[in-house]
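Participant: Below is a structure I'd like to ask you about.
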Amino acid sequence: MASPRLETFCCPNRDKSTQFVLNFQPRFFSAICIGSASVSLIFAILQILPKRRGYRRLGQYPLPKPTSSSRILLIISLCDILGCAGILLRSSVWLGSPNFITEMSVINSTEVWPTAFCVGSAMWIQLFYSASFWWTFCYAVDVYLVVKRSAGQSTIVLYHMITWGLAVLLCVEGVTMLYYPSISSCENGLEHAVPHYITTYAPILLVLIVNPILFGRTGTAVTSLLKGRQGIYTENERRLGTEIKIRFFKIMIVFLICWLPNIINESLLFYLEMQDDIKGSPLKNVRNAILITWFIMGIFNPMQGFLNTLAFHGWTGWDIDLNMKSRREIPWDSGSTSAAAADVYNPTVSSSLNYQGFVQDAKKSMNGNGQQHSDAISVLSEGSESSTIEIHISSELHDLEGIDADGESVEN
């Protein structure tokens, strides 16, 4: 699991509350973390691997290149996988080499590697999960800007600068304050640890507070876009708008399940640490709640990687496509498909091909408003293969409604 208490554990003179949670069934807790991290790592990697049934199931309606939103979802999954790998490695060492870990508790010990491993693994986990939080926030910002047609290709570079810059800066700053003046003699008390906990939980609270607001406004804007294309709101468009809102809801539910226990646990630990006698009978319920949320964190923190992929894309299946050559042969550019279709002549299907050519020409001559709406909506539903294709099909049919009569005459 990912908790700032693990960085505090690297100090030989750690506080009593940290000692309390980390000394309670450490082997069983490490085994739980290993099991959860292993399951999440395997299925998260399986989810993001390319599948044989891709977005190009209907070759007649090719999709554009991946947008910044789809890249952000992939980056979030990669950050979760790397953070989960750090949890798996650290828990495996803690379970397999308990003597190696006890060397960290020895004050003025000459052993450097146990402390170096403790600090290195804790920073690795915090860095990638913190980056995942910042990327989740940037995803909410990006989909809102896409719907408002204010995002461009350059925004992904800005997101990289913000997320990795803040993640590295806050991680280094928090750890530096925690281990001052040195890791072998950390300062006692809460004051020196407060900056570290703030830098850890600030992005979590940002996502929990701001993302629902941005997702709500994006959902409202999507409804306006669907209505604005033709001035009507059909059952198809209502269903697509609902799917987008459900996707946002699933992202927030996964985040809440995985990280709300951390906030509750940390609040209770701070309360326990301020008491004179943490083992007193009046604090029994507090200690039990701390241990329960501690083990919940060990299960759900590593599971974020797999649960996020389910929220982003749904279950993508087992049919993995490892043939790089076949994927290269499928062009992303829709123009190549249209050009190929235009050069083919078959008497039995000539009328339909001519009609498709006419549709393409008519689309080029139309105002770009409808296409912008379609692109914005398709960005929001990229995780669902069927809904994305449906959006492109329906947008073609809706946007060309005014020239259907001409199309029929050309076909005849």
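The backbone N, Cα and C atoms fix where each Cβ goes, and this holds for glycine too.
A TrEMBL annotation is a machine prediction, not a hand-curated record.
What TrEMBL shows for this protein is this:
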type	residues	note
DOMAIN	26-316	domain 'G-protein coupled receptors family 2 profile 2'
TRANSMEM	28-49	transmembrane segment
TRANSMEM	70-89	transmembrane segment
TRANSMEM	123-145	transmembrane segment
TRANSMEM	157-180	transmembrane segment
TRANSMEM	200-226	transmembrane segment
TRANSMEM	247-272	transmembrane segment
TRANSMEM	292-318	transmembrane segment
Participant: Could you name the stretch, out of 28-49, 157-180, 200-226, 247-272, with the greatest number of CB pairs under 8 A to the transmembrane segment (123-145)?
Facilitator: 200-226
Participant: Across the domain 'G-protein coupled receptors family 2 profile 2' (26-316), what does the mean pLDDT come to, as a whole number?
Facilitator: 84
Participant: State the non-local partners of the transmembrane segment (70-89) in its own chain: residues 6+ outside its ends, Cβ under 8 Å from one of its Cβ atoms.
Facilitator: 1-2, 33-34, 37-38, 40-41, 44-45, 47-48, 121, 124-125, 128-129, 131-132, 135-136, 138-139, 142, 156, 159, 301-302, 304-305, 308-309, 312-313, 379, 382-383
Participant: For the transmembrane segment (247-272), could you work out the same-chain residues 6 or more beyond its ends whose Cβ comes under 8 Å from its Cβ atoms?
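Facilitator: Sequence-distant neighbours of the transmembrane segment (247-272): 2-5, 17-18, 20-21, 136, 139, 190, 197, 201, 204-205, 207-208, 211-212, 215, 218-219, 278, 283, 286-287, 289-290, 293-294, 296-297, 300-301, 303-304, 307-308, 310-312, 380-381, 383-384.
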